[in-house]
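**Student:** Under the heading transmembrane segment, TrEMBL lists 6-27, 48-69, 122-143, 149-167, 202-233, 245-265, 297-320, 340-356, 362-382, 394-413, 419-438, 450-470. Taken from TrEMBL, the feature domain 'ArnT-like N-terminal' applies to 49-273.
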Amino acid sequence: MLPAMIWSVALASLVALAFAVALGRLAQRRLAVDSDASQVSGRPVARTLTFLLLLAGATLPCLYGWSLLDRDEGYYAESARSMLERHDLFVPVVAGEAWLEKPPLTFWAMMASIGSLGRTEFAARLPAALFGLLAIGLTVALARRMVSARAAWLAGFALATSLLPALAMRIALLDASLLACVVLAMTGLWESIDGRERRGWWLFALGTGLGVIAKGPLGAALPIFALVGYVVASRDFGLLRRMRPLASAALALAVVALWAVPATIQTDGAYLHELVWVRTIQPIFSPLQGHGGGNTLAYLALLPVYLPIVWLGLGVWAPFLVPALRARGQDERARRRRQFLLGWVVSMLVAFSLVSTKLAHYVLPFFPALAILIGVWIDGALERGERLWTGWRSNYLLGGGLFSAAVIIAGPSLLGAPIATWAFLAPGAVAALGAFLVHRAARAGRDVPALAGAGTLVLATLALLTPFALGRLDAGKSPQAIAELLRERYADRLDSLQIGLSDYSQFALLYYLDSPNTSKVQATQITAFFDGPDPAVVVIPRRTLDEALETTTLPEGAEVLWERRCWIEDKNRWREVVVLGNGR
């Protein structure tokens, strides 16, 4: 990376760090005010916007200066770029093939971002950050309808600084858009529970419909699971009628049809088959792409796997989870609130646990409910004057901070990265020092500064980790280097250059290169691929190439243009990557 780029990335990290500190100070002021005080309850929209603006300042600089993560970030960014280039709102194309694994809500947002800001990592990741901010804002608004203003603010702060949601906002994935849709649907469900059915049913339907366009049938299934969970817990079977099921279904289907009907026609039903059968129903019974147990014993062993994932995903807020779950409401409305939140959490947790396919980010849709439960419990504890940071909680935070620091500092070396490991000293030091300071405040009985400091610690560590530290590892990755090589060597022939990808799934290369002629090539077809009249290159791992050369030979004129040991993220290993090209 050029020195000027290094300085700009360092500045981005410092800007994010400054906003993280400012948000922490705001948190300390907000939490120090009594729950019913006018300073908190007045002007809720303005105060929520201030919170979200500071959070945006701590998040958006982290999207810049480190290359896309493959496979998923590369796939999604290239899908959006290809849709923008082809002026197609319905079907993404990757490497010359229709890519039907995901619906397009996030891709639409990426198209707008890339079209406005250019083909950059920041543009690709911006929609995830904005959807994440929207989900947090909706969570605060939902919590304000249910509990006090301070508890709502605590819920938003806890959600924003929990590890799993914070990471989801900084990566170009689809989970943040699904999260926003789920919170919208759950807001509608609570409105109906709380006696405002006229508004509740259509918010629920709108959230489920948009959820399908965000993540497929799962986007509708999750709110329905939560609805069933609440009805079972409360025995309020009349809610099913008050939700106007026919009208809700009609509205949700109408929203989905705006995309699904043209996409299904355009692909002769292949898109619908892929989303419903291959990506939704089959993964229930067998692990998708190896993500889960491959036999009965492994399936049973993985049933509780999401419990530690949820605990770790909450990060600094995990010590408050158990008392938050155990707390019981003092009146009828508080009991309904608890049944609603627990129905949200338990129904989704059970569903994900029973499904064969397991991925850590699957649990993200019920994190807003956990954040509200934690916010309600902390607010009540502050009102009662209880100590929040008992001995084990403060010690847990200190131990977690020191362990995180060790992982951050030693992680690149443990993965075999020979470069730029020094850059990880700063975020590691912040994690360790911040944990020590928060621990000291907690042990001194300064509960509010410790709470604010714990959330600030997460944002400050991420500010230095992304983009500055992770950006230093780009020299060990191949997509940007190969794209630069091909632009230089085939500068005036890029439009006719034929690019073949053989056993190489780093699709960020296509996003960086913006070449219209890319396809997947079997290793045994390399010779035929080079026989065409146009200039051609093939990107292939050295091991795959050597195996192919045992049964075939390269055509005359083909040569090795580039070879380097690179980190292949979707394989989690280092491999020699080769670029073959001809001289045409």
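A Cβ is built for glycine as well, from the same backbone N, Cα and C atoms used for every other residue.
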**Student:** Is it the case that the transmembrane segment (48-69) and the transmembrane segment (245-265) touch, counting contact as three or more CB pairs under 8 Å in which the residues of each pair are 6 or more positions apart?
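**Tutor:** They do not touch: fewer than three Cβ pairs between the two stretches lie under 8 Å.
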**Student:** Honestly, do the transmembrane segment (245-265) and the transmembrane segment (340-356) touch, with at least three Cβ pairs under 8 Å and pairs 6 or more apart in sequence?
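**Tutor:** They do not touch: fewer than three Cβ pairs between the two stretches lie under 8 Å.
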**Student:** Pairs 6 or more apart in sequence, C-beta under 8 angstroms, 3 or more of them: is that satisfied by the transmembrane segment (202-233) and the transmembrane segment (340-356)?
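**Tutor:** As far as Cβ distances go (cut-off 8 Å, pairs 6 or more apart), the transmembrane segment (202-233) and the transmembrane segment (340-356) touch.
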**Student:** Residues of the same chain, at least six outside the transmembrane segment (340-356), with any C-beta under 8 angstroms of its C-beta?
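**Tutor:** Contacts with the transmembrane segment (340-356): 146, 186, 189-190, 193, 221-222, 225-234, 283-287, 292-293, 299, 303-306, 310, 325, 362-363, 365-366, 369-370, 372-373.
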**Student:** Against which stretches of its own chain does the transmembrane segment (6-27) lie, if we need a Cβ under 8 Å and a gap of at least six residues from its ends?
**Tutor:** 50-51, 54-62, 64-66, 157, 451-453, 455-456, 459-460, 462-464, 466-468, 471
**Student:** Report the mean pLDDT of the predicted model across the domain 'ArnT-like N-terminal' (49-273), rounded to a whole number.
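**Tutor:** Summing pLDDT over the domain 'ArnT-like N-terminal' (49-273) and dividing by its length gives 96.
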